[in-house]
Amino acid sequence: MSQQQTSQSSGQGLLERVFKLREHGTTVRTEAIAGFTTFLTMVYIVFDNPQILGVAGMDTSAVFVTTCLIAAFGSILMGLFANLPVALAPAMGLNAFFAFVVVQAMGLPWQVGMGAIFWGAVGLLLLTIFRVRYWMIANIPLSLRVGITSGIGLFIGMMGLKNAGVIVANPETLVSIGHLTSHSVLLGVLGFFIIAILASRNIHAAVLVSIVVTTLLGWMLGDVHYTGIVSAPPSVASVIGQVDLAGSFIGTSSVTAYIESSSGVSVGGRTGLTAVVVGILFLLVIFLSPLAGMVPGYAAAGALIYVGVLMTSSLARVKWSDLTEAVPAFITAVMMPFSFSITEGIALGFISYCVMKIGTGRLRELSPCVIIVSLLFVLKIVFIDAH
């Protein structure tokens with residue numbers, strides 16, 4: 001047996017021991033294809049995240065690198081320690097909340113916001129360790145969970161429409177339609193429909209295709225300037241080391257498992273090797289930073305609107321015939337975009353749920369969790385928001 005064959009056998013043996021490929025009925029080739037498929041469906045985040053966090057004043061080139069790094073290491077850790085074909089990356093939605101609410105609406109520096117993300121992650125970890133998180137999720141009614149998800153979807157969709165210029169501020173009507181013949185509106189709307197049409201035809205890389213097409217069209221119209229394809233990774237000093245002591249050390253918004261991982265599973269991904277392949281591909285993308293810098297804001301807007309559509313669709317699960325469930329779900333969902341605050345939408349949703357159940361004599365349907373959270377929100381409104 002040659003030295004090359006020996007090294008290949010030992011390499012495959014190592015992968016077998018780590019990921020238990022035979023036990024899961026898969027092969028290295030299948031896992032690699034699954035990883036590449038998952039990567040194609042979620043690589044759009046390296047273009048969207050810098051655009052969104054750039055609104056908060058963060059260096060987009062540095063955010064591009066940190067997005068690649070956190071997606072790479074998060075996915076690799078998931079693959080090695082959990083042996084699941086699930087990839088991780090900064091969460092769409094939470095990045096919009098960070099940029100548009102925490103920084104723009106609340107007026108906080110992005111460095112302070114990163115500190116809040118860090119301590120929020122610590123808090124969630126503690127809640128998970130002590131199983132409080134599971135207790136809370138199990139005791140929050142479906143109508144409120146759906147209302148929260150849909151409200152965030154409406155909020156994200158509104159941000160996408162705003163970034164594309166479809167809606168603009170109006171002092172008389174609060175919001176009005178923008179210039180529908182402008183490049184940003186036309187290409188932003190085109191990008192959204194490209195995603196929607198391709199996704200409905202089960203094309204895995206729908207978002208990536210949309211970003212590429214709208215960016216190319218923007219370049220042809222003179223909105224985008226070519227700066228190259230490959231370069232050394234830009235410095236991340238502007239986002240690492242310039243946060244508060246309690247800051248989020250890597251310099252990006254909250255990380256989550258991506259539902260796009262299901263695309264890899266659909267083509268045979270069964271083990272953590274799929275996630276490791278995704279992580280390695282994200283590391284390679286770091287050298288494509290010039291491409292990320294060329295993506296215009298309206299190219300990312302289509303993805304935001306599409307995410308909003310997906311999240312808002314959960315409203316179909318609300319029992320609309322029961323007003324004690326429908327009213328809180330509606331209030332939660334609509335108050336997030338109308339108040340420009342996800343927190344206020346959740347607060348009003350919980351409080352309205354208690355009001356409806358108590359007012360209709362169905363107090364027994366209120367869980368201790370809902371009562372406690374509602375009381376905390378009431379105290380916040382009375383003693384904090386009022387001053």
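Every residue, even glycine, has its Cβ placed from backbone N, Cα and C.
Heads up, TrEMBL stuff is auto-annotated, nobody curated it.
Note that the structure is predicted; figures quoted are calculated from it, not measured.
Feature annotations, reproduced from TrEMBL:
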TRANSMEM  27-47  transmembrane segment
TRANSMEM  62-81  transmembrane segment
TRANSMEM  88-106  transmembrane segment
TRANSMEM  112-130  transmembrane segment
TRANSMEM  142-160  transmembrane segment
TRANSMEM  180-198  transmembrane segment
TRANSMEM  205-222  transmembrane segment
TRANSMEM  272-291  transmembrane segment
TRANSMEM  298-318  transmembrane segment
TRANSMEM  330-354  transmembrane segment
TRANSMEM  366-384  transmembrane segment
The transmembrane segment (142-160) touching the transmembrane segment (62-81) per 3+ Cβ pairs under 8 Å rule:
no
Could you pull out which residues elsewhere in the chain have a CB under 8 Å from any CB of the transmembrane segment (142-160), counting only those six or more residues past its ends?
92-93, 96-97, 100, 167, 188, 192, 301-315, 317-319, 325-326, 328-337, 340, 342, 345-346, 349-350, 353, 370
Find the member of 27-47, 88-106, 272-291 that has more C-beta pairs under 8 Å to the transmembrane segment (298-318) than any other listed stretch.
88-106
Can you work out which residues elsewhere in the same chain, 6+ from the ends of the transmembrane segment (27-47), have a Cβ less than 8 Å from its Cβ atoms?
12, 15, 19, 21, 64, 67-68, 71, 85, 87, 89-90, 92, 204-208, 211, 258, 260-261, 263-271, 273-278, 280-282, 285, 291-292, 295, 299-300, 303
